[in-house]
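Heads up, the thing below is written out as C-alpha cells.
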Amino acid sequence: MDAYDIFKKLTKGLTFKRRVLGVNNDNNVKSTLKKESEVRNEDTHEIKHETHDIDDSAQLHSGSESESGNNTDDDNDELQIIDGVTVEKKSKKKKSKLTPEELKKKLELEEQNHFRNEHGIKAVGRHIPSALRDFSELVTRYNISQELVDTVKQCGYSEPTPVQRQAIPCLLENRQIVACAPTGSGKTAAFLLPLLHTLGTPQGGPRALILCPTRELAMQIYREALRLSASTQLRCTVIRSCKESKIKERENTIRKSDLVISTPNRLCYLLSQENVGISLEKVQWLVIDEADKLFEGTPEETDTFRQQLQVIISCKPVRCQLAMFSATHTPAIAKWARHNMRGLVNVTVGLRNAASTSVDQELLFCGNENGKLVAFRQLVQKGLKPPVLVFVQSKDRAKQLFKELIYDGINVDVIHADRTQAQRDNVVRSFRTGRIWVLICTELMGRGIDFRGVNLVINYDFPPSAISYIHRIGRAGRAGQKGRAITFFTQDDVTNLRSIASVMKQSGCQVPEYMLKLKQDPNKRKKLLKKAPHRDKISTILEKPEKRKLETQDTNDGSETKKDTENVKNSKNNKLRKIENGLPKKGKNKKEKSKTKEMKKSHKIVKNKRKKKISIV
C-alpha cells in the first residue's frame, strides 16, 4: 500500500479545502484532527457511563425475577452514543429446543441417509419411506405373508438388492416411482413382490398390467411371476399372439387372470377389436419395464407409445398407480413423469447411465469389416468360454455372419425379427440349456433378457449410442457374477467413440486418453440414432462383379426413344409416297427371283473366263 492509499483510508468521509499555493494549511488539518479526537473521547465516556448504569440495574434485578430481567434487556436494545444518534444492538437468535419426538425423527432420518449412502441409493421426493434392511421387515412393517417371503428367498434372493431396498417400500405405500438401476440388479422382483402382496386374493379380472418392449422380455417376466406367485392363488398371463383363431381364448384367460403381461401394441390391438370384451376397470397398477426403450426413437415413435399409454389409462375410470423401471434414465422419461405422476419418487442406484462394474470392458480396433471377422476367429482360436452373445446392427448382417460362422465348427445360431415366434422361443431355450454356444442377435435381445452365466459379450458392430452399449454389455456380469465385453470399432465409428469411452472410464476400465479428447459431432450422432451406418457385406467369398451398364444407356434413354419415334414416322411417310407415285413394293414374285438368280450365274461365268484369259497372257 502507498502513502496515498493509507491517507485515503484514514480520511474517509472527511472533506478538505483546496490547497492554495504559498499558504500554509497545516493548521486547518490539525484543528480537524483535534475535533475528531475530542468527539471520540466524549463517545467513550458516555458509553462507559451507560455500561455502569446497566451493570447496576442488572445487580438490582438479578435472582428470581428472570422474566423482568428479559424485559429490561428488550428495553435497552438501543444505545445512545451521541445526542440524537442511536445504535441498535444485534439481538441474539434463541436456539429452538426440539421435542423428544422431533429429535427421534431427526436421528432416524440421519440413519436412513447414512444407510442409503452405504448402498449407493439416491432417493428424491417428499416423505420417502425408509429403506429395507432385511426381508424379515416386510412381515413386521407391511404384514406380508411369511410364505411369500420364503418363496422370494427360494428364488435366490438371500438379501434385498439396493433397488429392492428402496423400491419395495415405495410401492407398498402406494407411491409412484421411477427407478433407475444397473442391469442384473433385481428390478423384476422389485416390482413383482409388492404387486403380488397388494393384489391379495383373486377377484376376477386384471388388476395389474406390466408393459415391456419385446415378446422375449414379456415371457421372461411371466416366468419370474410364476415362480414368485407359487405360494399364492393369483393367476398370471402373457399375451403371446393376436391371431383371430386364438382371440377368444386370450379373452377368456385375460378375464380370469389378475396380472397381465404384454407389449403395448398387442394389448392395444386386443382393446380395439369389436368382438373382444376385455375391461380394465379394476386395474390398480401399471408397471412399465425398460421404459427408456419405449420412450426413445423418433418423435413419431414416442408419440405412438404415449398415445397407447393414454388409451390403456383411459380404459379405467379411476386413476391407477404408475411405476417405471429401467437401467438408463433419459430426459424424455423425466419430463413425462413430472407432468403425469403425482407424488413421484425418483430412485437411482449408483451412477446414473453407468455400466456395470462387474464387467471387464475392452475396445479393439479392426481397421475394416474384414478385420472384424479375422479378429473374431482369432478369439475363437484362443478359446472362448461359452455362452457368448454377439451383437450386430441389423438382421441382414446377422444372417451374413451366421453363414460365415456356421462352418467354423461352432454351435452357433441367430435370432432376429424375421424368425417366427416358435423359432425364437426354441433358440432362446437351447441357448439357456447350453446346446448353443454363440448366439448372434440384434438390439432385440439387448434389453432386459436375463441369460444367466453369459461370460462374454462381443459388439461386432459398434453400438449407436452409449445407452444401447450399457444395455448390451449388461447381458454379462448379472447377479454379481463376473463378465467380459469386447467392442470392435473401425475408422467409421469415431463419432460415438468418446461417449462410450467415458462410460468405460466411469466403471473403472482403462481407456486411452486420446479417445476422451475426441471432438463430438451432435448432428452425426442424431443421424446414427435414426439410421444405422452403411457397412460392407460380411463375406470371405469373392463374388463376381456386376456387369457395368453403359453410361449411354442410362443418360440417353430419352434421346433414344425420340429417335425411334422419328424413324417410325419417316418409314410410314416413305411408304405413302411410293404408293402415290405407283412405285413397286420391295417384295418380288417367284419369276422375278428366278430371273435374278440366272443373271447372277451368268455374271460369275463371265468373270471366270476373263480371269483365265489374263492368266494365259
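Including glycine, each Cβ sits where the backbone N, Cα and C put it.
Segment annotation: TrEMBL labels motif 'Q motif' over residues 137-165 (candidates 137-165, 224-252, 282-310). When Cβ-Cβ distances below 8 Å are used as the criterion, the compositional bias 'Basic residues' (524-534) is approached by residues 298, 393-394, 464-465, 492-493, 495-496, 499 of the same chain, each at least six residues removed from its ends. Per DSSP, the motif 'Q motif' (137-165) is made up of 19 helix, 0 strand, 10 coil.
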